[in-house]
């Protein structure tokens, strides 16, 4: 409990420290921190100039304009001069230092109760932040990061601080709190911060015309509770005004508000909506969530001959056929949103497919989707939408019909239609309040060109105002760059009368021009609805003159207009004739070169040029809707057809034609017609919306006709507001004339135009498949160069050369309340070789020649369309043109753009080279998420953009040559550390899978995880612990593994089976949770260390450009925090792993000790205690250290290796590949090293054990050594063993040192090469010095981690050496011997039964292929000849023994029982390949099982030589090198002998120094005894010791010990007396064929040994005493003995008197009994047996070595004990057995006599001969005869 508390305290303390330092970091970073800008960005242009007839380079720098730079903040409602208006208050540095940290701590410690106060104190508001210079990517990202970081510290919820919009000049509208604004004011790149006044949010008129209309509120942020909270508050305020407000959330950024009178109110007060609205919107403007408020505007709707004008040239018209207009939009989908679409009209109907309503069907011939909410596909009568769609793409299914001549322009295109809800009062459209809901489904349907012929006009008048709707449209186009929208300019005639949606920057705004004169004289008269004009006049007469006209009809007007002239205006025939007369008499006023009088004109409110283009819009004849009538109004398709056709005028009619033309243009590009005029697969291009807009504008033709401004005069269309060369506010850039460049190669009918068109660099050296539009950031520029040559003879020119360049970009949406709406400003300039002037776009011509003192021009800073039109002066010589596009101010970048150039009447082409710069000039270049730089080369071209630095949380990725975010700290921890943990878990799963495969079970992940966590495995026989838990219960698990209470389970396997990873995992499984936590902590620490070199390199990189040490504070704090993180988590990891190590060694040693204690006595006969203790004390800790060390080393090594590898590859993949060239060599060296390490480690452990064994034997037998004065001999032998250990250790050291030296040499050499090559790359500017330093540090990490990982394999090999010895003991522990081992499943028994030896046959072929599987049982095998081939019949007794032995081997004892598995005990081993562990099959040499070193070449090589090493003192055959000893090898050749020695050496390397038996499982069902009568019976019992299975001890014993009687066993030494006693106690197990022993009629093999021994006590002839008190030794057998029991037992054993004479009496400590005499030890042992009070007492020579008095006393005690007990005693003295109820006489393992003393004496047999000489002396020993 205390440990858990300490852990929690440490973890909590660590977390508090981390958060405090994070707080300090963010506070101090943002306090008085002069953040630097990585590169001083300067805009530099290079120009062609002429000086003394030489071409020199002259730089024009925009820095010259800085002194006159406009720093005003331009809002619609206010212009803020930041030079005059004061900044917000700035706390001085001292106050910042003193106040920030306490404020942070107080916030950190605030409780939830303080939340309301906190929200009030740190409530967010809108601020305007102005930057000192133009905003670039770096300063913008720094600003964003500042807001994020300070938000984390301040924990501001629910709104995040963020940038709302850009406001000119150089300012951001920002949502943040006051404390953030104070911190921000210290930034070097900030010049002014001010609060955003609520009045600047409101853009409303409160007049009767607009009052009550919906108002839209733009939101910076919103929550689900915002609307309800606002509405409740406002309605409570409006109660006194008798009005209410209804708020509706349109989306997360937009809210609709309607204020209305509360008719349900009982109040008698009047309702004033003006006052209510002022109050409501003033309150909303003061809320931090709102940022813009404007009134909703009323929406209004704004071709047989039109295509002839659109596809004509500036001078001629074309025919409306497939020759002059070959492309009609095939494969394209255009979209339209309007009042409805009459699906029954023949222009749209499909006989095979219905119109898909709210779904998409690309198989419909014309309408792929119809999206609407009215569940119809119809329009109102004479509907606007049907007419518009017909103009764009309508066409009958049968093209042969006459009506098809009135088809739309893009007849092959399909339509995606959005049905706008209509106002019932006037049929005007009502679009969705969220424009993305309109455009997104059309975009999803496949449309990429869209037309809108409707819009709204500001209620405030003709302002050309940029509304929120315009911002929404710009936003959609900005986020969908491959989409383009065309919008009608409006039909309001006046200047600045544009519809508000048409003021959007990114749309193509379409004005109206007149159509061909033919249209006026034919179609206009036929299909115009003059009835509507007449009724309008009649209505005016009704209202203005006389009520009687209210009932007039147009027919009456025609009848009476001759007498009443005023009625002519309502007569349809008169009106038609008047129009016909006017049209025919004034063709110059009615043709395609004139502007329609009604077309709305520019500019916008901020002076932007609109419209962009004009298209035919007057008397356009197209489809006519018949409303809900579903009859096809086309009839038979004949003409004229006034039911199906209608002629209308307006920009609404011009917009669909321009939309169709744009669609055809897109088809031209998508199908690959550009630039050859025919389809080329590699030329297929997916154009952006800006490119389509640029092409449309670039190829527009400025009209030079007239336009009527009023009813009394006309004006030249290019003379008014002619601000730009080639553009004005009336017609924009001119009228569409597509034929000038939309060339389609045909059969030579149409000649190739004289216009050459260039798109970016497409076609110069790039194909469409790999071409991409450029993007720019502030301070960057790009150049395009072209050449002009005069037209060659015969070329199709015939005109004046002319060039037109157009730049278009899709600008981010503007803040609607800004005075100027352009956000990103690009500028286009031109130079050429025939002029020294610099030409600026949209400036009216040349205005600057570079002369000192000349007034500098001001480039266009309000339009996102810029153009230059130039006519060469010298048309006879070649001219080079260079167009420069500069990123003047890109606050939200980078900004993509489209550049289009065309040249007329000459030969134009790309220049071979384009001089972009001066040699060695440098400029910043755009790098995503970073800053790059590029250098000008000798070819006057900018070089590759190299990463100079990356933004925070980004790093340079050399593979992609970008700044990649995945290298941020969070991603490092997640990807690398998390990936490593995943890998470790995967390996564990694989190990468990291997375990299940080895067991033959089906793998289950559920069982695996339950096994790992110790929660799911069932245990039979033990209930406290699962396989992986830490419980102390014992039991058999479902997978057959044994858990004995230590938590460590070992699966039963053959003892010599190799140790596999699942076996090793079984040792770790109880601690897997702790190890996992330790590993995870270690991985976090490693991940923190991985990132440190990156920041170190960053510091080094920033040093040259840093002004003060404070600028590096950020990086230093991060490094400190990372180091702290590494320290905390590495400490936790070390702490946990250290505890786990000790727990593991404790449990593992406990496990091994349990396995040793559970062994049968034969095991201890074959193995030295010193060797076993060596395993327990040395191998077990070594195994533990290796296991836990390997897991942690692998985890940390992989994490560090992979993490560092990611960095070095991203920094420089070239250098990384150089490093990896050495990996195979390092792997080979490690493999060779591991091979020798494995051999030498196993030999080292073996000889260490031998040395320990010899030392212990010498000290235990010190009496013998001293008695025979052999101290020097023992010293020499021990020294020899130590020398063996030293020599092997020396080889191991040499092996490891040599391998390490090779690795070190290679790695260091490689490091030098990498450093050299890295320095070269840094000099070549391929990457920076900081990156080189980081790379070098990471190389060190990689080297360190790779060395660790390679070393892990060596550790694993050493681990296997220790594991082999440990598992040899664990696997050989008998199953269910004691309560230490629990029951095994029957299927495991059956599995082991199948593995038993099957060599019990006489087949010679089987024995010849025998590989040490059976060395003892096949006596008839030819492989088992005696060494000399002599007979064994040397004596009758030997013959009898051999006979019995052969009988065993050939009789039933060698018969495999089919019903039960053989019990492999110390008797006969049926799977006894372990009885002679070191025996190598030799036809003539049956070696001693204890001989481990026969003919072993121990020099560590394979040459068969013997270096006199490795000979064991227990080896009795070490002289086989004697040339006279040819026994067994005389028939081998030299080659065979070497092969044999190599085989013997391999066997030697497998030596463990431990000899174990392969003990199979005892049947799982035990009989539990609760009481015992004490009756014992032997039936045909035969036995031999496992250490000498070829020597029998007992033969066919049949005897019975009855309860309550005393029995004696006498006979010569070695006759089997003591063995009988040990068999009763089951210290040894009988072979199933070796007879049975019964207790109370129950086979003792079926009684649990511990249960059996609870009724039996055995006193050995050699007493064993423990290092404990005398009292503890006597009471050892009882769990809680009383002092009375102990004293009574001592008295009965005649030990009480001498114990009482000792100083401490019963509390005297016995150190191995060394302070007692032999007799005293014997009496204490007897007392221990007496104290045990067992039913059966087995006494083995307990009176030996006692004086007569003591012996007599003990004999008397035994007589007392026999009452109710069964006593069996072995004795060599008459007195001990004289009074026994029955005596058994044994000789050579057989019972030769039995009876009472008198009966045996009367027989005069063996007993008599033994007793005859001691008849007079009861205490004389029996004689052995």
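Backbone N, Cα and C define each Cβ position, glycine as well.
Range annotated as transmembrane segment by Swiss-Prot, chosen from 1147-1167, 1168-1188, 1210-1230, 1231-1251: 1210-1230. The feature transmembrane segment, as given by Swiss-Prot for the ranges 1050-1070, 1071-1091, 1092-1112, 1260-1280, sits at 1071-1091. In Swiss-Prot, the annotation transmembrane segment applies to 1189-1209, one of the ranges 1021-1041, 1189-1209, 1357-1377. According to DSSP, residue 338 (active site, charge relay system) sits within a strand segment. A sphere of 10 angstroms centred on the C-beta of residue 1618 (ATP binding site) encloses 19 other C-beta atoms. If you check the recorded positions 384, 1615, 1616, 1618 against residue 652 (active site, charge relay system), the ones with a Cα inside 10 Å of its Cα are 384. Close to the recorded ATP site, the chain also has 1619, 1786, 1787: residues not among 1611, 1612, 1613, 1614, 1615, 1616, 1617, 1618 whose Cβ is within 8 Å of the site's Cβ mean position. According to DSSP, residue 1612 (ATP binding site) sits in a coil region rather than a helix or strand. Here the candidates are the binding-site residues 1611, 1612, 1614, 1618. The one whose C-alpha lies nearest to that of residue 338 (active site, charge relay system) is 1618.
Considering other CB atoms within 10 Å as the measure, the emptiest surroundings among the binding-site residues 1611, 1612, 1614 are those of 1614. For the pair residue 384 (active site, charge relay system) and residue 1612 (ATP binding site), the C-alpha distance works out to 130 angstrom. Here residue 1617 (ATP binding site) comes close to 1609, 1610, 1611, 1740, 1770, 1786: these same-chain residues lie at least six apart in sequence, with C-beta atoms under 8 angstroms from its C-beta. Listed in sequence order, 1583, 1593, 1594, 1597, 1786, 1789 are the same-chain residues at least 6 apart in sequence whose CB falls under 8 Å from the CB of residue 1616 (ATP binding site). Its Cβ placed at the centre, residue 338 (active site, charge relay system) has 27 other Cβ atoms within 10 Å. In sequence order, 1786, 1787, 1788, 1789 are the residues near residue 1615 (ATP binding site), counting only same-chain partners six or more apart with C-beta under 8 A. Within the group of recorded positions (652, 1613), the Cβ with the highest number of other Cβ atoms inside 10 Å belongs to 652.
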